[in-house]
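Comments concern the structure below.
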Amino acid sequence: MNVTVTALGAVIALVIAITLIIKKVHPAYGLILGALIGGLVGGAGLTGTVNLMMDGAKNMMPAILRILTAGVLAGVLIESGAAAKIAETIVEKIGESRALIALAIATMVLTMVGVFVDVSVITVSPIALAIAHKSGLSKPAILLAMVGGGKAGNIMSPNPNTIAAADNLGVSLTNVMIAGIVPAIFGVIITCILASRIKQKGSLVESDEHMKELTDMPGFLPAMVGPLVAIILLMLRPIAGIAIDPLIALPVGGICGILAMGKIKHINKYATYGLAKMSGVAILLIGTGTLAGIIANSGLKDVIISGINALGLPSFMLAPVSGILMSAATASTTSGTAVATSVFGPTIVQLGVAPLATAAMIHAGATVLDHLPHGSFFHATGGSVSMDMKERLKLIPYESLVGLTMTIVSTIIFGIILK
């Protein structure tokens, strides 16, 4: 007997989850409690609700396992100083006269090679503060440059959001990463345009806030070995038909990187750090899975599809719209992508949209509202440049415009051109 939840129950689940997260309840608990109450209100009964939540969490396990092993590469990049070296070199090569472009590209590259987007912003921020202090650039301008670059890098990265999109729709991680390249280019362009327009607006960097000296960093080439090995291993599938799972490719990249930097004795320390970073995401995805289980078995999908049909929009529009809505609900690219691909993905594919196109459009859509204040990204990035709440809130429309640009480009490519 199939258990279903009413559309109202699914909406209540989302509202309760968002409210609890805003109230500073841990997001995983907020999502689980929202799912439980939504299922009960939606008529699934206690046993039915728990079963739906369990099934939803189970579906996240392949992505969670890959995310945990990706912690080796992330830990090596961050703790060894490789990420900071990559960022510093990019800024040096592009030059301080084109500081905003340099910051956007540096953050994009860091995120693209496997560093979490918020960690990328935090890593680049000391360099950004130093440049801003010298050049008189405003805090909103440098933060927008970093956030926009990070968003662009995120949709073509081997990060948890991309892994979730690939796993939930049964497509290659490499293909999902490649699908994000063109939208990401447009994302960086619009980021640089918007950041340059606000470079004199907002607070300036005080003398005691700028960059501390970075020490004990590896050379640029050794720093790049880890991500390059991981990307080459992942690229073997489309190029040579040799499928190496991210479960293997990402940690192997991390190990090769640490060997190239001559820091193999620190492997356990770096891997432990990476695991700690990834475990938070893994726990969040378990909570996300419980909510996805409720929404996937509710009437909410039908309501949204009916709304799209009533507006006369084509069926492929469900992909970016679901990504946008779920990123708004969870204030997270990873959770937004995970919920949208697991809940709406199969329906979109049944409507005739290719799985890769579905993954690409949902993934891009999940960058539009992933920076809302009930998520950690909003606070972590604002804190990286010591920005107050009021000023951080003013940046939200600009960030959304970057995500929307990438979503529009992705939708044109995968919904219209490559239909």
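The backbone N, Cα and C atoms fix where each Cβ goes, glycine too.
Curation plays no part in TrEMBL annotations; they are all automatic predictions.
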The annotated transmembrane segment range in TrEMBL, which must be one of 29-54, 133-158: 29-54
Feature contact check the transmembrane segment (29-54) with the transmembrane segment (60-78), CB under 8 Å, 3 or more pairs: no
The transmembrane segment (29-54) vs the transmembrane segment (274-297): 3 or more CB pairs under 8 Å: yes
Contact call for the transmembrane segment (217-236) and the transmembrane segment (99-132): at least 3 Cβ pairs under 8 Å, seq gap 6+: yes
